[in-house]
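Visitor: The following block contains the structure, expressed as structure tokens.
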Amino acid sequence: MPLHAHHSGSDLDNVHQSTSVPGLRKATTGHRRGKGATWRRGRLDGGVAPRECFVTDAPPAVAFSITTAAAAITRVPSQLSRPRQGKIDMMSHEAPSFTTADYLVFTASLIISLGIGFYHWYRSRGRDTKDFLMGGGHMSPIPVSFSFAAGVISAVSILGNSAEMYYYGSQLWMNIIGVMIGTVFIMAVVMPVIYPLKLITIYGYLEYRWGSSLVRKLASLLQLINLTTYMGIALYAPSLAISSVTPISTNTSVLVLGIVCAVYASMGGAKAVVYTDNFQSAVMLAGVIIVIVQGCAEVGGGAASWSIDAQHNRLEFFNLSTDPLERHTLMNVIIFGIYFTFSTTGFSQSQYMRWASVNSLQQSYLVMVVGSVGLVGLWSLINYSGLVVFSVYADCDPLSANYIEKIDQILMYFVADKLGYLPGIPGLFVAAIYSGVMSSVSSTLNALSAMVWKDLLEPLSMFAKVPEEKAKNINILISAVSGVVAVGVGVLAGSMGGLVQVTYALGGALAGPICGIFLSGILCPWVKQTSVCLGSLIALAFNMWVVMGSFLYAPGPTKLPLSVDGCFTNSTTIASTTTDVTTTTLISSTTVFPEDDEVFPLYRLSYCLYGAIGTLATVVLSTLFSCIFGFESPANVPVSSVNRTCLRFYCWVRREEMPTYKPGAATHYQTQSDDINSIIVTDMTKGDSGKHQIESGVMKNPQSPSSDAPGCDNPQPVGDFL
């Protein structure tokens, strides 16, 4: 239970004052224990110091060091070691502004990130495009592993997932089961096929598989739209947070953050992104841990916090319902976890550039294992922080009491309420949220640069013979322009609602068909190019129809019961009640929704299933269209582009001899010019060698027209596959 005071209402008042910052109001919570307590800023004489906070319509921004939190707990040990009693009161007190210490801490985090970018820019002068985009392919697996985890965790995760646990319960947490299943599949099936090709963009595999750039360009365009939308949402979340504790407006913050990300990603390339991610992941980890430490101390320990969560039905891990219309069930979230792993680690350009930037396939496995363990661990801490915060406000929910206006503000409200009076803490929390978004946005910018250059521009005749130094400068320009576009999307993202559902729903609609294209290529050797293109486009149209229908017509999810029994104000009495609150995503609060039974069932489908449906629909439709347009002949499928077990099964069904492939027989030679168009490849696909000359990035074999492949920038011998 929250720490409550024993006092009369006449001693307290509650004032919400407007400030010069649009949409911002001030409020202060005070907690006293015993009579005769006197208040001093930041310290206690006979009572607990008042808690000053900003309450805004912005999502929260949180981060601070373990040392600072430990000092805060030590300062008032007697009050933090046992549950509080009484009611939470709102007192009139001037809220703290962003102090000099806050600005110093926050600015230092930005300077460190920029410094890493400029350092690697200085070190990389004169190096080629591959070094800029992939770190030369010889990066150390340990820092890449930490970067792998940090690249997935963003401000959306920190703000959105904690709010998800607070208001909807812990069922979503079980998606980590799906993440582990998906990771094993990626390591066993996907990486042995794609890693040995040593491509700069993972979408080059699609050209290799089908011998045409059509599928490659289609998948790249879909991913460009998906990543640009994601970057906008990721920039918007921390910008709202900083606007709640500083005079900086949301749009100004979006601009500053976008510029910082674009500068160090475009200047330093892959190495700057990886090593900056390591610094930023440490800041994020410290911030989340201290939220947990402070929250548990507020209610008397971790066991007490867990007990409060259980009493208020926040702990749900094994909802065995099979209803696809139910928002979160064990089945739905596991399916979501599997798809999430496919889209973010298996077939994502930003994560591919990590596990493909090390020396060998074995090191790539190490990156995947360590990175996935780190991801699950950090994700679990973020989820647990939301449950801890709920235990503190179990009897006085800030949203129901109108202390905050959006669920994504809850974590920042907690920080401001409990630690906001300590100099430097708001700056550290804002720095942590900025670290979360910079780690993901910079990785995305680096990926976008590679995709635009290798998949869209370089195949054009006007860019075919661009000198290496000029190509590197073009990639820097692409990163900068992508940052500008992300800023524009971030400004428009203000109209969006809950961060978690919006991000995952839109991402699932767009990325699901992309995953389906890759799985069709690896697992379905019978699928032709025309079939996979039609299948993915129909799956995309279906997904977008369902997602937009859910945004427009489906009622928002219903929160778990919330209480204001512990809230008190002398000017307005908040009724002692328990409420069920319904939220709406992307829709104005004035919109009137029909009852659930009146809504088309597909519009009420769990958002966790959008991505999986898009993936499965693409694979199934591609096979169906192959039945119409004809199946691909096994002789026309590059053996190293598919799973060998699937190819063996396909040959058995067709009663055809399987093309032979001798481990190590495929040898790639690159000329001294390092020109992608002059790579000569010898590939033994039928027991006899054929010479493949790459023309405009596509490998041509005069004896086997289908044995086409994109040029590999540093191709290595291809081994046997599963």
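Any Cβ shown, glycine's included, is placed from N, Cα and C.
The region 'Disordered' feature in TrEMBL is assigned to 1-42, 687-722. Sequence annotations record features per position, and here TrEMBL assigns compositional bias 'Basic residues' to 28-41. Look at TrEMBL and you will find 103-122, 142-160, 172-197, 218-242, 254-275, 282-308, 328-345, 365-382, 428-453, 474-496, 502-524, 531-554 (among others) tagged as transmembrane segment.
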Visitor: Let me check one thing: do the transmembrane segment (103-122) and the transmembrane segment (428-453) come into contact, meaning three or more Cβ pairs under 8 Å with sequence separation of at least 6?
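Guide: Between the transmembrane segment (428-453) and the transmembrane segment (103-122), which are separate recorded stretches, there is contact, as judged by 3 or more close Cβ pairs.
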Visitor: With Cβ-Cβ distances below 8 Å as the criterion, list the same-chain residues six or more beyond the ends of the transmembrane segment (218-242) that contact it, or say none.
Guide: 56-62, 154-156, 159-160, 201, 203, 206, 248, 250-251, 253-254, 257-258, 349-350, 408, 412, 430, 433-434, 436-437, 440-441, 444-445, 447-448, 451-452, 455-456, 482, 485-494, 496, 499, 502-503, 506-507, 510-511, 513-514, 517-518, 533, 536-537, 540
Visitor: Sort out the residues at least 6 away from either end of the transmembrane segment (502-524), same chain, that have Cβ-Cβ distances under 8 Å to it, and list them.
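Guide: Beyond its ends, the transmembrane segment (502-524) has Cβ neighbours at 156, 160, 189-190, 193, 205-206, 209-210, 215, 218-219, 222-223, 225-226, 229-230, 233, 336, 339-340, 342-343, 346-347, 496, 532, 535-537, 539-540, 543-544, 546-547, 550-551, 585-586, 607-619, 622-623, 626, 641-643, 646.
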Visitor: Where, among 142-160, 282-308, 328-345, 474-496, do we find the most CB pairs under 8 A to the transmembrane segment (428-453)?
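Guide: Ranked by Cβ pairs under 8 Å, first place goes to 142-160.
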Visitor: Should anything in the same chain at least six residues away from the transmembrane segment (531-554) have a Cβ under 8 Å from its Cβ atoms, list it; otherwise answer none.
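Guide: Non-local partners: 210, 214-215, 218-219, 222, 505-506, 508-510, 512-514, 516-517, 520-521, 585-587, 593-594, 599-600, 602-605, 607, 610, 613-615, 617-626, 628-629.
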